[in-house]
Amino acid sequence: MEMDKLMNESKIAREKAYVPYSKFSVGAALLSEDGTVYHGCNIENSAYSMTNCAERTAFFKAISEGVYTFKALAVVGDTNGPISPCGACRQVIAEFCDGSMPVYLTNLKGDVLETTVAELLPGAFSKEDLKL
Ligand SMILES: O=c1ccn([C@H]2C[C@H](O)[C@@H](CO)O2)c(=O)[nH]1
Ligand SMILES: [Zn+2]
């Protein structure tokens, strides 16, 4: 799949955001190895800290379906520059993706920052740290 298509999928995912508190909608589109695209949106809660970001929603949907191998991620929000995933999402992304996997951070104006999982979270805590 071309990356502009994946970025467009993230905009479609964004339309489902449940954001009565922040009114800040975010969408994510996670491309799996077999070509399936998992949509994620942010899902807020009156107990604010229970909010789930768009990125983690997309990952948890895929993982819960038994899908663990990913090729790319696109994220979009109505930000001035390319959206910047929060720390919690960076850690979840690092858990399930190779450091070299491309991540496309975008906004509604069409700005695109192409980065990688490793660039998003240098020094991520990982399973190696657990000495398993
Ligand atoms: O990368 C991001 C940044 C923020 N949010 C959500 C969390 C909250 O619902 C709203 C404002 O922080 O945006 C995401 O889903 N992803
Ligand atoms: Zn997040």
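The backbone N, Cα and C atoms fix where each Cβ goes, and this holds for glycine too.
Take the Zn(2+) site that TrEMBL assigns to Cys86, Cys89: the candidate from Cys53, Cys97 listed for it is Cys53. Same-chain residues with CB within 8 A of the center of the Cys53, Cys86, Cys89 CB atoms, the Zn(2+) site residues themselves not counted, are Ala54, Glu55, Arg56, Pro85, Gly87, Ala88, Arg90, Val92. Between the candidate binding-site residues, Ala47, Cys53, Cys89, the densest Cβ environment within 10 Å is the one around Cys89. Among the recorded positions Asn42, Ile43, Glu44, Asn45, Glu55, the ones whose Cα sits within 10 Å of the Cα of Cys89 (Zn(2+) binding site) are Glu55. For the binding-site residues Asn42, Asn45, Ser46, counting C-beta atoms within 10 A of each C-beta gives the highest total at Asn42.
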